[in-house]
Amino acid sequence: MIIYATAVQTINSFVKLESLKEVYGLIWIFVPIFFLVLGIITGVLVIVWLEREISAGIQQRIGPEYAGPLGILQALADGIKLLFKENLRPSRGNTPLFSIGPSIAVISILLSYSVIPFSNHLILADLNIGIFLWIAISSIAPIGLLMSGYGSNNKYSFLGGLRAAAQSISYEIPLTLCVLSISLLSNSLSTVDIVEAQSKYGFWGWNLWRQPIGFIIFLISSLAECERLPFDLPEAEEELIAGYQTEYSGIKFGLFYVASYLNLLISSLFVTVLYLGGWNFSIPYISILELFQRDQIFGTTIGIFITLAKTYLFLFISIATRWTLPRLRMDQLLNLGWKFLLPISLGNLLLTTSFQLFSL
């Protein structure tokens with residue numbers, strides 16, 4: 001009996017150990033996701049505050065200053081206000097499409113953050129097809145906008161949804177061709193491999209110098225994908241009131257508001273990863289890997305700081321562009337995408353392919 005009881009206790013202890021391992025495994029799955037979401041939310045709040053301050057400076061007026069020190073909590077105050085507003089629905093609209101549209105737009109953008117390397121070995125999902133996954137997922141967002149426009153049963157919303165779909169298709173193709181050129185240079189579709197391929201010569205090893213034409217096209221296409229001025233045709237206030245957002249209020253309108261800044265942040269991060277060397281130093285022959293080998297925490301922190309510094313540099317350019325340039329007409333926007341950017345990006349891809357073949 002004593003041997004039997006001992007065996008039972010041993011088996012129970014092993015069962016408890018296995019269950020604890022499963023619990024710890026689940027915890028370690030959700031902890032990185034939690035910190036990533038927390039960082040994304042913080043980044044969006046900072047972007048909103050920066051845009052308000054930069055726009056105030058360009059327009060020579062006083063920006064937000066009452067909600068927290070220097071108005072840094074203004075975005076949080078706006079979010080709380082939208083959270084408590086009534087969530088109205090159009091009486092003759094398509095309720096399922098109207099409700100699902102904002103969620104599709106936000107979720108498709110959030111999933112793209114999983115393949116962003118913020119520092120060395122600091123990435124949620126290091127996939128061999130990371131760039132391809134981002135392009136595939138980002139193509140889903142316009143479907144949510146089109147569903148929102150159609151489900152609102154409003155002519156302005158529907159026109160805004162159609163414009164969003166047309167604009168996304170027009171600029172997704174040149175953007176994809178630029179990304180393929182970078183993949184050819186790096187011989188990989190992994191975001192980590194692309195960053196490491198730029199780490200040899202510091203500032204001079206960036207893809208910005210090897211792909212200057214692709215960088216400019218990617219920059220323009222990214223602004224168009226984010227629907228920022230001068231490419232904000234889907235929600236042009238003078239023409240469509242608020243475009244596909246016209247019938248939305250409360251938290252659903254807030255989701256669209258957050259989605260626009262999430263898209264701007266992810267585009268800036270991909271500019272950093274693809275063209276500006278990611279987490280690598282700008283100084284030649286000084287690698288972040290050396291710091292990482294000496295002290296992992298310090299090296300990772302420096303890598304995050306470098307990545308965010310480059311990202312917010314592009315964000316500043318995007319915000320300044322919004323408050324500087326006038327809006328294009330719809331025909332000008334489509335002509336720019338199909339007749340100008342697409343042929344140049346295709347020629348850039350063919351030229352890159354030729355150089356890679358001759359260098360073998």
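Along the chain as shown, residues are numbered 1 onward.
Cβ from N, Cα, C; glycine included.
According to Swiss-Prot, the transmembrane segment annotation covers 27-47 (among others), on the basis of sequence analysis.
What Swiss-Prot records for 98-118 (among others) is transmembrane segment, and it gives sequence analysis as the kind of evidence.
The transmembrane segment annotation in Swiss-Prot covers 129-149 (among others). Residues 97-98, 100-105, 108-109, 111-112, 115, 157-162, 164-165, 168-169, 172, 175-176, 179, 182-183, 189-192, 194, 225, 234, 243-245, 248, 256, 259, 263, 266, 270 of the same chain sit 6 or more residues outside the transmembrane segment (129-149) yet have a Cβ under 8 Å from a Cβ within it.
Taken from Swiss-Prot, the feature transmembrane segment applies to 248-268 (among others).
Here Swiss-Prot flags 269-289 (among others) as transmembrane segment, drawing on sequence analysis.
Listed by sequence, the residues of this chain that lie at least six past the ends of the transmembrane segment (297-317) yet keep a Cβ under 8 A from its Cβ atoms are 43, 47, 50, 54, 117-122, 264-265, 267-269, 271-272, 276-281, 288-289, 291. If you look up Swiss-Prot, you'll see 297-317 (among others) marked as transmembrane segment.
Among the features that Swiss-Prot reports, transmembrane segment is placed at 340-360 (among others). Listed as Cβ neighbours of the transmembrane segment (340-360) (distance under 8 Å, sequence separation of 6 or more from its ends, same chain) are residues 171, 173-175, 177-178, 180-181, 184-185, 211, 213-214, 217, 220-221.
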Long-range Cβ neighbours of the transmembrane segment (27-47) (under 8 Å; 6 or more residues past either end): 72, 75-76, 110, 113-114, 124, 258, 261-262, 264-265, 308, 315
